[in-house]
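The compositional bias 'Basic and acidic residues' annotation in Swiss-Prot covers 22-93, 106-141. What Swiss-Prot records for 94-105, 159-169 is compositional bias 'Basic residues'. According to Swiss-Prot, the domain 'RRM 1' annotation covers 239-322, on the basis of sequence analysis. Swiss-Prot lists 359-437 with the feature domain 'RRM 2'. Annotation comment: Swiss-Prot describes 478-564 as domain 'RRM 3', evidence class sequence analysis. The feature region 'Disordered' is assigned by Swiss-Prot to 1-175.
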Amino acid sequence: MSEFEDHEGNGTVADAIYDEENGGRDGEIEDQLDSKPKRESRDHERETSRSKDREREKGRDKDRERDSEVSRRSRDRDGEKSKERSRDKDRDHRERHHRSSRHRDHSRERGERRERGGRDDDDYRRSRDRDHDRRRDDRGGRRSRRSRSRSKDRSERRTRSRSPSKSKQRVSGFDMAPPASAMLAAGAAVTGQVPPAPPTLPGAGMFPNMFPLPTGQSFGGLSMMPIQAMTQQATRHARRVYVGGLSPTANEQSVATFFSQVMAAVGGNTAGPGDAVVNVYINHEKKFAFVEMRSVEEASNAMSLDGIIFEGAPVKVRRPSDYNPSLAATLGPSQPSPHLNLAAVGLTPGASGGLEGPDRIFVGGLPYYFTESQVRELLESFGGLKGFDLVKDRETGNSKGYAFCVYQDLSVTDIACAALNGIKMGDKTLTVRRANQGTMLQKPEQENVLLHAQQQIAFQRVMLQPGAVATTVVCLTQVVTEDELRDDEEYGDIMEDMRQEGGKFGALTNVVIPRPSPNGEPVAGLGKVFLKYADTDGSTRARFGMNGRKFGGNEVVAVYYPEDKFEQGDYGA
């Protein structure tokens with residue numbers, strides 16, 4: 001059968017041809033349809049694989065970055081540790097160097113302190129005392145200024161309460177701590193104990209015309225030693241004598257023994273039995289001494305010993321440079337007693353040549369080659385000389401360049417000083433003045449010390465009469481002003497000062513400070529401070545410990561006050 005016969009009855013030839021053609025194409029389509037999902041699947045698998053590769057790559061990148069960060073941090077930590085170790089080493093090195101340097105400095109300073117021999121300590125104490133005095137003066141000035149000024153600042157401060165811390169830091173108006181001697185003396189008096197008799201003090205029996213007191217005398221068991229010590233300081237300049245021309249072998253003991261024996265031999269001991277000399281200071285380099293006597297009168301009697309032979313050579317007895325004749329005249333005799341037996345020690349009365357007194361002239365700046373006759377001739381051009389002394393070196397006999405003289409006519413003293421002072425003598429310039437002129441500048445201060453001592457003695461005499469009885473109330477007068485009491489802040493400060501200072505002496509039970517009346521009515525006891533103690537032990541210590549102190553620049557006067565009047569509120573007694 002032919003090819004066409006197979007399709008016979010099923011269609012035309014065209015259909016057969018069509019079937020043949022399409023039959024082959026359908027196979028291809030089927031093949032295509034079968035391969036597409038496979039391709040898509042393979043593509044998907046490849047894409048998935050690539051995605052996984054990319055994810056793995058990203059993970060590896062992150063791991064590398066993390067490892068890098070960890071490594072970097074580790075390196076940073078190592079670097080910081082290294083730097084820290086370096087800093088520690090540097091710090092240790094600096095500290096060792098500093099300690100070594102400080103040790104060397106300390107050793108050097110310690111050696112210097114040993115070489116200075118304590119001079120720095122003395123300078124420090126003097127500086128500290130000067131600072132203390134300046135601070136004390138400043139406190140007095142501030143309190144005085146506060147009492148004179150009622151400024152707006154004070155009014156503003158008055159409205160504010162004072163804090164406890166501020167109160168603690170406030171400086172007390174009192175100038176210094178209570179003297180220990182007053183505390184001890186008062187304590188012994190209260191308990192009925194008599195303090196042991198002190199050694200004989202120089203100058204006992206001073207102020208004979210005003211208040212004679214033998215050494216160690218007391219009133220009612222109350223020691224007068226603080227007053228005696230004060231008078232000793234005030235009279236010391238008049239109780240010392242200058243002794244020049246000493247031998248190299250002289251010492252304090254030999255000088256004191258010699259002059260004590262000589263004073264007894266001539267009848268110059270006027271202060272009672274015992275040695276007239278209480279202290280000796282020797283300058284071995286310049287061969288002179290200051291000899292301190294017990295009394296002003298004995299020092300004046302010692303002036304008659306000028307030229308006496310001591311250890312084989314004559315010595316000069318003079319007044320020291322700080323001697324003030326006008327002030328000494330109020331303390332005792334300024335001239336030797338005319339009844340001294342000078343012949344007993346080989347002296348002739350008047351041998352000193354009249355070189356004492358306020359009209360003695362000092363002549364300094366003399367050329368060393370000037371002889372005694374040349375100097376005397378120069379001075380006598382103004383009048384006759386009552387006494388003359390050219391000071392010479394003991395060993396060489398050469399002039400020391402200065403002299404002393406006294407004119408017979410005392411009226412020419414100032415004329416000669418004015419004419420000769422400042423004259424050129426070769427390469428020297430003369431200095432001519434009264435010998436005591438340098439100390440006259442100290443007269444006001446010395447007189448103040450003397451006046452203060454006299455006032456204290458007179459006050460003690462009044463307060464320590466046999467009828468005076470200690471009470472538990474102490475009244476302080478001359479302490480505060482009316483203006484200070486009007487101001488609330490000032491009043492509070494004063495009250496606090498009194499409580500603090502008064503409490504140092506005993507159990508303080510009450511403090512009363514009367515204040516001015518707002519209506520201007522008179523108030524009893526204005527300007528006084530009343531301290532009430534639990535017993536007379538505390539009041540007695542306060543009485544002697546606060547008397548003479550300074551509060552805000554005012555000198556405190558402390559007296560006992562009747563207990564019955566205090567309890568009644570009567571402060572005007």
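Just so you know, glycine gets a Cβ as well, placed from its N, Cα and C.
The shown structure was predicted, so the numbers you read here are calculated from the model rather than taken from an experiment.
Each residue of the domain 'RRM 3' (478-564) gets a DSSP state, and the totals for helix, strand and coil are 33 helix, 19 strand, 35 coil.
Confidence in the domain 'RRM 2' (359-437), given as mean pLDDT, stands at 86.
For the domain 'RRM 1' (239-322), the DSSP-based tally of helix, strand and coil residues reads 26 helix, 25 strand, 33 coil.
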